[in-house]
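Peer 1: So TrEMBL lists these for the protein:
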- 553-567: compositional bias 'Low complexity' (COMPBIAS)
- 41-515: domain 'Major facilitator superfamily (MFS) profile' (DOMAIN)
- 545-567: region 'Disordered' (REGION)
- 113-132: transmembrane segment (TRANSMEM)
- 138-163: transmembrane segment (TRANSMEM)
- 170-191: transmembrane segment (TRANSMEM)
- 203-223: transmembrane segment (TRANSMEM)
- 244-263: transmembrane segment (TRANSMEM)
- 269-290: transmembrane segment (TRANSMEM)
- 311-332: transmembrane segment (TRANSMEM)
- 352-370: transmembrane segment (TRANSMEM)
- 377-397: transmembrane segment (TRANSMEM)
- 403-428: transmembrane segment (TRANSMEM)
- 440-464: transmembrane segment (TRANSMEM)
- 515-536: transmembrane segment (TRANSMEM)
Amino acid sequence: MGQDEKLPSAPAPQSLPQPLHRGVAVVEDAGTVDPTNDLSLETAVKGTTLAAGEDERKFLAGIQMWLVASSLTTASFLVLLDNATVATVCFPVAAAIQPLVGKIYTQFRLKNVYLSFFFIFELGSLICGVATSSTMLIVGRAVAGIGVAGVFAGALIIIGVAVMPEQRALVTGICLSCAQLGIVIGPLIGGALTEKVSWRWCFYINLPLGAIVLGGTVFVTIADQTALRPARDVMSTLYRSLDLVGFLLLSPSSIMLLLALQWGGNAHAWSSATIIGLFCGAGVLFLVFVTWERRKGADALIPTPVVRNRVVVASCLVAMSIMGATILASYWMPIYFQTVRGKSPLTSGVYMLPNIIPSVVFGILTGCLIGKVGYYLPFAVIGGALTSVATGLLSILRTDSSTGYWIGVQFLLGAARGLVLQTSFISIPHATTPALVPTAVSMSIFCQYMGGAVSLSLANVIFISSLRSQLLIDAPGVDPRLIIEAGAYAVRDVSIPAELLLGVLRAYCTSVNRVFYLALAVSVLLFVSACCSGWVDTRKTTKDKECAGETSGGQTTSTKTQVWRES
């Protein structure tokens, strides 16, 4: 059990009874509640914010807080490393299921849900590791994708509600810095394991590391911070509680959009009935989803208060765009090094260090500084501006660019990412009430996954289209289909005349440049979104929430009192 942190006292509400039991509950505009009616109390206590007085909020503190933080950080690193190591069906599945994850976290105990999702992720990794067919591998990746969606969201949700407010920015910075480290080095580790050991170890590596996660969470109490009903009551109304209709509309819409972007120009022509049908189906389902969500209101899969919150919407756009820029740089810089420059996967990994190290260092420093100054907006804006500059410089890489050039540009990109990556998740707990934090965080992560998946799909389309046309210019005697089918890492092994190889490499470099045009566009969106993410003093909003529940004339005014239940 973590050390209790005493919150500033506020005058006890006159009209509120003493809580009858320990339960995670938040009373909003409570008025008068019948103390003899447990059901009326449970109905009244539907969550918003923390109040001082009746019962103090339970935060993790001391060694237990850092134990859980280490566990959450390791898990986040692991799932994003896995996601980046093998970019297959896992990414789209995680994106499609993410909105439902937020609703699940609002209905059941945080720790139980988190550990359940982590078990699903480990199970998916095991299935992939022992796969004897491509079908089995795809099923395993789909299972792992479900786990990925819940584990990463759960880590940020737990940090947002269970870590002391003054330490929240630092812990978030550490968690996200290490997590995005997994994104950057994932392709490199995957290539090294495949080359030196076996592709199965891309999945087996998740199993022993999972023990670290379990050790840091199983034996630590994590207090829930929102109103919970008994699990049996939730299960009896699961259809309405989770808004499964909304999920069954949004999830297929997302998958159809991603499939259309992935197949267009590759498996099917853009003008084919398949691609047009996928785009139309995605659009129609999304419009139906929006109509349904407006009807559901506060009980929707993505509640109206979340959608109407400007800070949350801006934070979602920031998360989407920074993930897009990060994914594009992490996937295409190794292609540049290994194909255009002819370096080995190991050397390519070393060349990525100027991107990786500043990102981690600046991410942790930013978390510390936000905790001190209270404002996240300056870091987000500066990070967005520097990301735009860095991706613009990447778009003019040449086959003979100097070492100093690509080191400097990568350093700038990594530092910029460290400045901005965590700001979207730091802002959400201070812009919403505790009851909406899981949903808002999941919405932000959904946008993050969609940003990464859509960026990868568009980048592949841009690259293939550019390579086909550019080969006709730089290497007119080479069959473009032969080069494309060889893959990025086997271009130098294709039997082509030596005098044409340089032209092929120039075509590859030009095509990578055009992918970074997309990264530049995404970075500009990042900068604009960061400017709209709100000038909020996180220290002030924390104190305001903690002091909620003051009385006036013996009556409570918008009294919001929280009772806690341990998980």
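Any Cβ shown, glycine's included, is placed from N, Cα and C.
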Peer 1: Residues sitting near the transmembrane segment (515-536): Cβ under 8 Å, six or more positions beyond its termini, same chain?
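Peer 2: Hits for the transmembrane segment (515-536): 310-311, 314-315, 317-318, 320-322, 324-325, 328-329, 332, 375-377, 380-381, 383-385, 387-388, 390-392, 394-395, 397, 420, 423-424, 427, 430-431, 451, 455, 458-459, 462-463.
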Peer 1: Cβ pairs under 8 Å with the transmembrane segment (269-290): which stretch of 138-163, 244-263, 403-428, 440-464 has the most?
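Peer 2: Comparing 138-163, 244-263, 403-428, 440-464: 244-263 has the most Cβ pairs near the transmembrane segment (269-290).
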Peer 1: May I ask you to check whether the transmembrane segment (440-464) and the transmembrane segment (203-223) make contact, with contact taken as at least three Cβ pairs under 8 Å and only pairs 6 or more apart in sequence counted?
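Peer 2: By the criterion, they do not touch.
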Peer 1: Looking at 113-132, 203-223, 311-332, 352-370, 377-397, which one has the highest count of Cβ pairs under 8 angstroms to the transmembrane segment (138-163)?
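Peer 2: So the stretch in question is 113-132.
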Peer 1: Are there 3 or more C-beta pairs under 8 Å linking the transmembrane segment (113-132) with the transmembrane segment (352-370), counting only pairs at least 6 apart in sequence?
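Peer 2: Checked: the transmembrane segment (352-370) vs the transmembrane segment (113-132), no contact.
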Peer 1: Do any residues of this chain, six or more beyond the ends of the transmembrane segment (113-132), have a C-beta under 8 angstroms from a C-beta of it, and if so which?
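Peer 2: Distal contacts: 75, 78-79, 82, 86, 90, 101, 104-105, 139-151, 154-155, 158, 200-204, 206-207, 210, 213-214, 217-218.
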